[in-house]
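Read the structure below first, then the notes.
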Amino acid sequence: MRDTKPSHPSSSSFSSPTWFSNFCSSALRTKTLTSSETTNVRAHSGGEGLERRLGLLDLVLLGVGASIGAGIFVVTGTVARDAGPGVTISFILAGAACVLNALCYAEMASRLPAVVGGAYLYAYTAFNELTAFLVFAQLMLDYHIGAASIARSLASYLVSILEIFPIFRENVPSWIGHGGKEFLGGAVSVNVLAPILLALLTVILCRGVGESSVLNSLMTITKVVIVLFVIAVGAFKVDVSNWSPFAPNGFKAVVTGATVVFFAYVGFDAVANSAEEAKRPQSDLPVGILGSLLICVILYIAVCLVITGMVPYQSLGEDAPLAEAFTSKGLKYVSILISIGAVAGLTTTLLVGLYVQSRLYLGLGRDGLLPSIFAKVHSTRHTPMQSQVWVGIVAGLLAGIFNVRVLSHILSVGSLTGYSVVSACVITLRWKDKGASQISRRCISDRREGTICLVVVACCGFASGLCYNFGFPLFFSFVAGLIAIVAAFLLHFRHSPTLGQCAMCSRGRRGYISELYLHSDILLSQVYEDPSGFSCPGVPLVPAICIFFNMLLFAQLHHEAWWRFVVLSILSIGVYAFYGQYHADPTGSNHISVYHRPPGSET
């Protein structure tokens with residue numbers, strides 16, 4: 001096996017051909033796969049690692065807490081203004097798309113080792129070092145801006161609740177919670193309460209995963225109970241005549257609504273980042289991912305049916321449609337409960353977001369792609385305290401000084417990028433690894449063809465989305481979709497998902513056995529473990545559908561989001577070129593990775 005030990009910069013290493021060759025060699029490194037999951041996971045944490053304290057219920061509540069924020073009380077009504085009662089179908093379509101993505105996440109979470117990293121770790125193992133670093137950068141910008149924006153919204157909701165009492169009504173200055181005090185023409189917007197809230201949540205997260213899990217569970221249960229109460233009360237005020245016509249603006253409005261509400265489900269991937277703190281990661285992570293998402297789908301659909309049945313969709317407000325609907329029925333006390341539920345929802349969303357960020361920084365610190373300070377874990381609290389404090393500081397500065405809500409239209413790029421890469425990882429890790437490609441030249445050909453097919457599916461999804469976004473004739477979207485279908489079926493019929501099948505097809509059973517003997521040094525270093533995990537059904541078609549739909553949604557984003565993707569990718573490549581490639585260590589000296597073979601595959 002080739003040496004993947006990172007080299008460090010020297011005066012001679014910056015000569016153009018040599019430097020570029022070293023860069024390419026480093027960028028294409030993958031995370032080492034071994035037959036052991038033990039040792040060295042605590043190498044950079046002073047002998048102490050994260051603590052496995054999260055059970056199945058904790059993981060489900062973690063996913064629900066990350067996904068359902070104040071949006072369940074707002075997005076449902078705002079989208080219903082355009083889609084009418086058909087917004088229910090919008091949430092069903094978006095939920096189905098998210099379930100397919102969740103299936104891919106579930107397989108990766110149960111196959112790879114129970115260590116932090118999520119989509120970054122999956123990309124590092126299936127593709128290469130540079131791809132993993134790019135995925136991290138896109139996700140982290142989403143998380144940083146999202147945390148700051150949510151903190152400001154939470155501050156505003158808290159002030160609104162305080163203003164219920166006469167002593168606070170109209171006496172709370174804007175620089176404390178409502179929006180912020182603007183300076184320099186709005187370039188600077190000071191908000192005091194948002195950083196304070198972030199500091200409090202950061203302290204709780206630093207104290208330990210047990211304490212933060214208790215807070216998340218309490219707040220998540222509170223908001224779910226409030227949502228269920230709102231559904232139960234509203235059900236008695238439903239007038240079924242309001243559901244007719246069901247899709248007043250046609251099916252296109254329903255589909256457009258699905259592209260909007262898709263992001264209301266984003267958050268289930270947070271469960272994958274808690275792998276190292278789950279008690280039974282291989283069995284509980286898939287259930288936590290899928291279970292939390294299904295709960296969110298059911299709650300969203302129920303709220304949609306209630307809100308569109310209570311009042312005609314044309315009468316729904318823009319800022320607080322659900323609260324206004326109950327007020328119009330003489331149920332103002334429910335509006336107060338909705339505000340409390342929004343506070344609970346925003347608190348859990350913010351808490352889980354900060355939690356996930358610190359674990360991602362921990363993963364990159366262990367791998368050397370970031371300074372080693374991010375790899376430290378507190379010896380008694382068992383939390384990545386330095387990473388957690390750093391995350392809190394960044395979010396606090398953004399929330400306290402800048403009006404980050406204006407950047408909301410460049411968000412979701414990281415989520416869609418991560419989802420697409422994870423879907424591709426499922427297919428890639430079902431093909432073969434480097435050991436397999438050294439056995440058969442045909443395997444190399446298959447992998448290249450498969451990569452081309454994946455790129456074609458992604459490009460067709462983006463092209464189809466552009467055609468839909470700019471109002472081109474449906475024929476062009478149809479052609480793009482047809483090409484994607486052909487590429488997906490080529491993946492299905494041309495590529496064997498297992499190492500054994502690939503080698504046996506090229507040389508026969510006898511040749512396969514002799515290759516196992518001749519290349520045992522390669523294969524034994526990349527042992528496939530106990531096939532006792534979750535397996536995504538319909539591979540490669542299901543992951544291909546995910547990639548197509550994610551790219552279709554990517555095309556629906558604001559054009560500034562596309563520029564953000566390009567610019568951040570270029571900057572990330574620069575950071576990797578001048579720092580990451582010289583300090584990264586994918587060989588396993590930081591911690592060891594295991595790939596568990598999918599159930600039903602031959603070893």
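Placed from the backbone N, Cα and C atoms, the Cβ positions cover glycine too.
Residues or ranges marked as domain 'Cationic amino acid transporter C-terminal' by TrEMBL: 534-583. TrEMBL lists 59-80, 87-108, 114-137, 183-206, 250-268, 289-313, 333-356, 387-404, 410-429, 450-468, 534-555, 561-579 (among others) with the feature transmembrane segment.
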The domain 'Cationic amino acid transporter C-terminal' (534-583) - residue tally per DSSP class, helix then strand then coil: 41 helix, 0 strand, 9 coil
When counting Cβ pairs under 8 Å to the transmembrane segment (250-268), the leader among 59-80, 289-313, 333-356, 534-555: 59-80
Recorded stretch, among 59-80, 114-137, 289-313, 333-356, 534-555, maximising Cβ pairs under 8 Å relative to the transmembrane segment (183-206): 333-356
Same-chain residues at least 6 beyond the ends of the transmembrane segment (534-555) whose Cβ lies under 8 Å from its Cβ atoms: 97, 100-101, 103-104, 106-107, 109-110, 259, 262, 286, 412-413, 416-417, 419-420, 423-424, 426-427, 430, 453-454, 457-466, 468-469, 481, 484, 487-489, 491-492, 495, 497, 562, 598-600
Stretch-averaged pLDDT - the domain 'Cationic amino acid transporter C-terminal' (534-583): 93
Which of 59-80, 114-137, 561-579 contacts the transmembrane segment (289-313) most, counting Cβ pairs under 8 Å: 59-80
Same-chain residue ranges lying at least 6 outside the transmembrane segment (561-579) that approach it to Cβ under 8 Å: 9, 23, 27, 129-130, 133-134, 137-138, 141, 369, 409-413, 417, 554
Annotated stretches the transmembrane segment (410-429) and the transmembrane segment (87-108) touching (3 or more Cβ pairs under 8 Å): yes
